[in-house]
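Annotated compositional bias 'Low complexity' per TrEMBL: 97-110, in sequence order. What TrEMBL records for 142-154, 169-186 is compositional bias 'Acidic residues'. Positions annotated as compositional bias 'Basic and acidic residues' by TrEMBL: 564-587. Taken from TrEMBL, the feature region 'Disordered' applies to 91-192, 564-602. Summarising the annotation, TrEMBL assigns repeat 'WD' to 200-232, 301-343, 350-382, 396-431. Positions annotated as signal peptide by TrEMBL: 1-18.
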């Protein structure tokens with residue numbers, strides 16, 4: 001009943017508002033009538049002055065009184081109808097809650113019926129809203145809705161027989177997706193990232209070293225051109241330019257590069273006897289000391305004495321690293337002690353002679369140290385015992401071939417070796433006498449051709465070499481268990497020297513013989529790395545830099561075409577005056593006796609003439625005989641100076657007969673002949 005009274009008050013309030021609006025509109029109409037009368041007088045004035053009656057048609061007028069009256073009646077009827085409907089709903093709810101007894105409380109208040117139901121229609125959205133007292137419990141409006149929702153979720157039709165397992169379309173799709181995932185998991189070839197490729201230009205010579213930090217953010221390349229270049233995947237754009245280039249070991253080829261386990265320092269192994277450690281920006285942190293070359297026992301030297309061949313960091317201790325050299329030793333170093341090595345391991349042949357290690361590595365747990373030697377052997381020591389080997393294989397590869405790489409699998413039970421005899425072998429550490437598997441016909445022309453395990457430890461990848469201009473090198477993938485060649489990637493017109501498969505990025509880095517570093521990746525299977533830089537656009541060149549670099553010469557700007565202009569000599573004279581050399585006053589000639597090392601000018605005396613010409617060189621270096629014979633022909637043709645003077649007094653010349661004397665000499669005995 002309170003709700004009904006409230007609705008009645010609302011309707012009366014609406015009627016009062018309409019009444020006020022109607023009164024205001026009537027005042028407005030009175031004003032319009034007054035303005036209209038004024039407008040009529042104005043029209044008559046315009047007609048008298050300007051000759052026309054008005055400015056066009058008059059605006060349409062409406063009967064506002066009738067409109068507001070109709071609106072008021074409609075509002076009253078709608079309010080009465082809503083009130084009656086709400087009262088009927090309340091009575092029905094109360095009758096339903098009273099039960100079968102049929103005792104219904106009498107309705108209080110007058111029941112009014114609308115005068116005209118057809119005129120109103122359904123004009124308002126308020127009918128859909130619940131207005132009035134709360135619904136008593138028992139009227140199950142919400143329960144019916146919940147039942148409808150339950151019915152929607154419930155299966156339609158008779159119940160399924162016991163033991164029947166049906167499959168829907170969604171289940172089929174899920175099963176198919178699971179099957180495809182299982183197939184990909186079973187086939188490791190599907191996880192090889194080779195759909196996309198980027199090329200980094202290192203230089204013009206072989207890329208002999210590659211290194212990626214543990215997070216995969218930076219790549220370091222080194223080559224035969226002595227250069228080490230730093231590449232930042234997050235900072236590069238599509239132009240793929242290195243952000244730093246340096247020569248840490250001057251004129252020595254780079255043999256190996258590797259980041260430490262923390263990624264803060266880089267080990268650089270070059271062709272000299274001293275390894276270096278650089279920080280992430282390329283600044284030197286440490287340089288190993290060089291040993292004494294005149295000491296026979298290499299254990300007594302503080303460092304290497306010959307060219308280095310390889311090196312790597314300890315997988316667990318961030319301050320320790322390993323190097324091997326042609327001096328026949330494998331040495332461990334501490335980053336905090338650069339004055340001396342930490343330990344020395346000396347490989348020995350079967351006869352106990354010194355052999356040169358060509359590669360070295362740590363095991364995954366860091367407890368073992370392995371070295372491949374030049375005589376084809378693989379020797380493994382315990383890290384804490386440097387005297388005797390723990391594992392030794394005498395005929396791992398062909399004698400005289402350089403074993404270029406040793407690497408342990410991620411589970412630490414398998415060792416892979418890449419030999420200079422064009423083979424790739426795997427070994428079980430627990431049974432080191434015979435190889436588990438072997439693959440041949442893998443050409444290798446470089447002493448640092450390496451191999452690498454896949455992140456899932458199911459594949460083994462290595463590179464092959466070709467002669468220049470004779471084909472393409474390859475990345476060959478072998479299954480670890482069966483050792484069957486399952487996949488290969490061709491490297492165009494070059495050899496694949498270095499290969500690196502990063503476990504976090506799932507990207508393969510390859511160093512080639514033509515100075516390129518290739519990165520293979522898959523946008524779906526790979527993470528970060530090369531994906532970060534290929535999506536960035538190239539940076540535009542600044543106009544200021546372009547203007548300063550380009551130099552344009554026009555023909556008439558050249559000096560040969562330029563007209564000479566008259567320049568004032570006053571400024572040049574002023575500058576020369578300030579110059580102490582050009583403004584120096586020449587010294588006057590010496591008069592009288594010489595002084596200061598200068599001799600006075602000669603006069604007419606004999607002494608002054610001799611002093612002036614005493615130092616003249618009048619020697620004739622020509623041959624005197626040739627100088628005389630130069631006039632012989634002229635004297636013969638015109639004997640004026642000698643022959644006429646002695647024509648009367650000179651006796652007849654008599655010359656000795658040389659031939660007669662020679663004949664007489666020939667007739668004389670040997671002891672009388674003249675000895676020349």
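Placement of Cβ uses the backbone N, Cα and C atoms for every residue, glycine included.
Unlike curated records, TrEMBL annotations are generated automatically.
Fair warning: this is a prediction, and the values are worked out from it, not measured in the lab.
Counting same-chain residues at least six beyond the ends of the repeat 'WD' (396-431), those with a Cβ under 8 angstroms from any Cβ of the stretch are 358-365, 368, 370-378, 380, 437-444, 446-453, 455, 457, 460, 462, 478, 480, 483, 503.
Shown for the compositional bias 'Basic and acidic residues' (564-587): DSSP residue counts in helix, strand and coil, namely 9 helix, 0 strand, 15 coil. When the repeat 'WD' (301-343) is classified with DSSP, helix, strand and coil residues number 0 helix, 19 strand, 24 coil.
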